[in-house]
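Heads up: the structure comes next, in C-alpha coordinates.
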Amino acid sequence: MNKQLEEMKQNQECERRKRIAEEKHKEWVQKKREEERREKKRKLSKEMAEKATRELEKMQLKEKADVKYKEWLEKKRAEEAEKKKKEKAKEKEREAELQEKRKRSEKIFKEWLQNARNKPQPVLNGHGFPHGRSTGLY
(Lines of atoms letter the chains of each structure in order from A and count residues from 1; the text may use other names and numbers.)
(Lines give C-alpha, C1' and ligand atoms only; values in the text may rest on other atoms or scores of the structure.)
Protein backbone atom coordinates (compact mmCIF):
# COMPACT_ATOMS: atom_id res chain seq x y z
CA MET A 1 0.00 0.00 0.00
CA ASN A 2 2.80 2.32 0.93
CA LYS A 3 4.55 1.32 -2.21
CA GLN A 4 1.48 2.08 -4.27
CA LEU A 5 1.02 5.39 -2.49
CA GLU A 6 4.67 6.20 -3.06
CA GLU A 7 4.34 5.28 -6.75
CA MET A 8 1.20 7.34 -7.04
CA LYS A 9 2.94 10.34 -5.48
CA GLN A 10 5.84 9.89 -7.83
CA ASN A 11 3.48 9.68 -10.80
CA GLN A 12 1.64 12.78 -9.62
CA GLU A 13 4.96 14.59 -9.09
CA CYS A 14 6.09 13.47 -12.53
CA GLU A 15 2.80 14.66 -14.08
CA ARG A 16 3.07 17.99 -12.25
CA ARG A 17 6.66 18.48 -13.44
CA LYS A 18 5.59 17.50 -16.93
CA ARG A 19 2.75 20.06 -16.83
CA ILE A 20 5.07 22.74 -15.50
CA ALA A 21 7.64 21.92 -18.16
CA GLU A 22 4.95 22.06 -20.87
CA GLU A 23 3.66 25.39 -19.55
CA LYS A 24 7.18 26.80 -19.41
CA HIS A 25 7.78 25.51 -22.93
CA LYS A 26 4.54 27.11 -24.12
CA GLU A 27 5.51 30.39 -22.45
CA TRP A 28 8.97 30.22 -23.98
CA VAL A 29 7.51 29.51 -27.43
CA GLN A 30 5.01 32.36 -27.01
CA LYS A 31 7.76 34.75 -25.87
CA LYS A 32 9.94 33.64 -28.75
CA ARG A 33 7.13 34.23 -31.25
CA GLU A 34 6.39 37.61 -29.72
CA GLU A 35 10.06 38.52 -29.84
CA GLU A 36 10.31 37.39 -33.48
CA ARG A 37 7.20 39.39 -34.34
CA ARG A 38 8.65 42.50 -32.65
CA GLU A 39 11.98 41.96 -34.40
CA LYS A 40 10.23 41.59 -37.74
CA LYS A 41 8.22 44.73 -37.07
CA ARG A 42 11.38 46.62 -36.07
CA LYS A 43 13.21 45.47 -39.21
CA LEU A 44 10.27 46.43 -41.39
CA SER A 45 10.10 49.83 -39.71
CA LYS A 46 13.86 50.29 -40.18
CA GLU A 47 13.63 49.29 -43.87
CA MET A 48 10.74 51.69 -44.40
CA ALA A 49 12.70 54.50 -42.74
CA GLU A 50 15.77 53.73 -44.88
CA LYS A 51 13.61 53.59 -48.00
CA ALA A 52 12.01 56.93 -47.10
CA THR A 53 15.47 58.41 -46.49
CA ARG A 54 16.71 57.11 -49.85
CA GLU A 55 13.63 58.49 -51.60
CA LEU A 56 14.14 61.86 -49.89
CA GLU A 57 17.82 61.92 -50.90
CA LYS A 58 16.83 60.96 -54.44
CA MET A 59 14.27 63.78 -54.56
CA GLN A 60 16.78 66.27 -53.16
CA LEU A 61 19.35 65.14 -55.73
CA LYS A 62 16.79 65.53 -58.50
CA GLU A 63 15.81 69.00 -57.25
CA LYS A 64 19.48 69.96 -57.04
CA ALA A 65 20.06 68.67 -60.56
CA ASP A 66 17.00 70.56 -61.81
CA VAL A 67 18.24 73.77 -60.19
CA LYS A 68 21.72 73.28 -61.69
CA TYR A 69 20.17 72.58 -65.10
CA LYS A 70 17.99 75.68 -64.91
CA GLU A 71 21.01 77.78 -63.90
CA TRP A 72 23.03 76.30 -66.77
CA LEU A 73 20.19 76.88 -69.23
CA GLU A 74 19.77 80.48 -68.05
CA LYS A 75 23.52 81.04 -68.39
CA LYS A 76 23.51 79.54 -71.89
CA ARG A 77 20.59 81.70 -72.94
CA ALA A 78 22.30 84.79 -71.55
CA GLU A 79 25.50 83.87 -73.41
CA GLU A 80 23.51 83.29 -76.60
CA ALA A 81 21.75 86.66 -76.20
CA GLU A 82 25.10 88.36 -75.58
CA LYS A 83 26.57 86.66 -78.65
CA LYS A 84 23.63 87.78 -80.80
CA LYS A 85 23.94 91.30 -79.40
CA LYS A 86 27.66 91.40 -80.26
CA GLU A 87 26.99 90.03 -83.75
CA LYS A 88 24.31 92.67 -84.27
CA ALA A 89 26.70 95.39 -83.09
CA LYS A 90 29.41 94.09 -85.44
CA GLU A 91 26.93 93.99 -88.30
CA LYS A 92 25.88 97.59 -87.57
CA GLU A 93 29.54 98.59 -87.41
CA ARG A 94 30.24 96.89 -90.75
CA GLU A 95 27.18 98.53 -92.27
CA ALA A 96 28.30 101.93 -90.93
CA GLU A 97 31.81 101.38 -92.33
CA LEU A 98 30.36 100.35 -95.68
CA GLN A 99 28.10 103.41 -95.69
CA GLU A 100 31.07 105.62 -94.83
CA LYS A 101 33.11 103.99 -97.59
CA ARG A 102 30.28 104.57 -100.07
CA LYS A 103 30.02 108.22 -99.03
CA ARG A 104 33.78 108.69 -99.39
CA SER A 105 33.77 106.96 -102.77
CA GLU A 106 30.84 109.05 -103.92
CA LYS A 107 32.55 112.25 -102.70
CA ILE A 108 35.81 111.32 -104.44
CA PHE A 109 33.88 110.45 -107.61
CA LYS A 110 32.05 113.80 -107.52
CA GLU A 111 35.36 115.63 -106.98
CA TRP A 112 36.90 113.73 -109.86
CA LEU A 113 33.90 114.49 -112.02
CA GLN A 114 34.14 118.21 -111.09
CA ASN A 115 37.88 118.24 -111.79
CA ALA A 116 37.37 116.35 -115.06
CA ARG A 117 35.03 119.09 -116.29
CA ASN A 118 37.54 121.81 -115.46
CA LYS A 119 40.55 120.01 -116.99
CA PRO A 120 41.83 121.27 -120.29
CA GLN A 121 40.94 119.05 -123.20
CA PRO A 122 43.85 117.01 -124.59
CA VAL A 123 45.34 118.22 -127.85
CA LEU A 124 44.18 116.36 -130.90
CA ASN A 125 46.86 114.23 -132.43
CA GLY A 126 49.02 114.68 -129.37
CA HIS A 127 52.45 113.17 -129.01
CA GLY A 128 54.24 116.39 -129.82
CA PHE A 129 52.92 116.61 -133.38
CA PRO A 130 51.06 119.87 -133.71
CA HIS A 131 48.50 119.62 -136.45
CA GLY A 132 49.77 116.12 -137.17
CA ARG A 133 53.18 117.24 -138.51
CA SER A 134 56.56 116.77 -137.02
CA THR A 135 58.19 119.83 -135.48
CA GLY A 136 61.58 118.77 -136.68
CA LEU A 137 63.27 119.01 -133.33
CA TYR A 138 64.87 115.65 -133.37
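Backbone N, Cα and C atoms are what each Cβ position is placed from, and that goes for glycine too.
Pulled from TrEMBL:
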type	residues	note
COMPBIAS	24-38	compositional bias 'Basic and acidic residues'
COMPBIAS	45-56	compositional bias 'Basic and acidic residues'
COMPBIAS	78-100	compositional bias 'Basic and acidic residues'
DOMAIN	2-135	domain 'Coiled-coil'
REGION	24-56	region 'Disordered'
REGION	78-102	region 'Disordered'
REGION	115-138	region 'Disordered'
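Sequence-distant neighbours of the compositional bias 'Basic and acidic residues' (45-56) (same chain, 6+ residues past either end, Cβ-Cβ under 8 Å): none.
Each residue in the domain 'Coiled-coil' (2-135) has a pLDDT score, and their mean in this model is 91.
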